[in-house]
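Over in TrEMBL, the protein carries these features:
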DOMAIN    9-168  domain 'MobA-like NTP transferase'
BINDING   12, 13, 14, 25, 53, 78, 107  GTP binding site
REGION    189-208  region 'Disordered'
COMPBIAS  197-208  compositional bias 'Basic and acidic residues'
Ligand SMILES: Nc1nc2c(ncn2[C@@H]2O[C@H](COP(=O)(O)OP(=O)(O)OP(=O)(O)O)[C@@H](O)[C@H]2O)c(=O)[nH]1
């Protein structure tokens with residue numbers, strides 16, 4: 001089941017889901033299963049060390065959403081909320097106990113675990129591996145990082161007052177995986193559910 005003893009997982013869930021409306025998208029029901037649970041279940045096929053990063057006020061709802069999950073998860077809360085995903089990545093990576101970690105956002109319920117195997121393979125010996133799609137957008141919230149290197153890079157970027165994930169990435173020696181390397185990886189893997197409309201659309205596909 002586990003790809004390697006040196007790969008952990010971090011699920012980012014500390015955002016405010018403003019585009020989603022009142023509810024927290026992390027625990028939103030998608031065809032009978034909370035989104036975060038879908039993400040954790042998929043991650044669990046490549047690692048048995050999973051850390052969920054969120055705000056303190058989300059902990060109870062996230063624990064409920066993950067109750068009975070096969071994978072055991074630890075929750076690491078943000079010391080200061082609302083510092084952006086870079087701060088969340090830092091907290092998650094500082095908590096995980098493995099050399100590398102697959103980082104994924106809680107709103108990517110179709111994440112393909114095979115992508116993490118590919119990214120981990122490319123990341124070994126370096127500080128990480130990130131997919132760059134044709135539009136040049138780096139998929140930084142579905143990537144593999146060397147935990148200590150990326151946590152330090154996040155801390156430095158935050159100290160510099162730069163909250164962009166790319167600001168941290170630029171400090172690392174990372175492998176770029178391009179679209180041509182993604183043969184066999186689900187085309188839905190990077191789909192993120194940010195709005196109620198996207199949730200309904202995903203639900204209708206799952207129920208087909
Ligand atoms: N820890 C932490 N995680 C965050 C923060 N902001 C965003 N994230 C996480 O980063 C991932 C990607 O962020 P977004 O898709 O923008 O999520 P969001 O900020 O909750 O949503 P919007 O408010 O609609 O932009 C999600 O998994 C969020 O939970 C933050 O301030 N702290």
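Just so you know, glycine gets a Cβ as well, placed from its N, Cα and C.
Shown here: features listed in TrEMBL, placed on the structure.
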| residue | record | DSSP class |
| --- | --- | --- |
| 12 | GTP binding site | strand |
| 25 | GTP binding site | helix |
| 53 | GTP binding site | strand |
| 78 | GTP binding site | coil |
| 107 | GTP binding site | coil |
Candidate with the highest Cβ count within 10 Å, taken from the binding-site residues 78, 107: 107
The region 'Disordered' (189-208): DSSP-derived helix, strand, coil residue counts: 11 helix, 0 strand, 9 coil
Cβ neighbour count within 10 Å of residue 12 (GTP binding site): 27
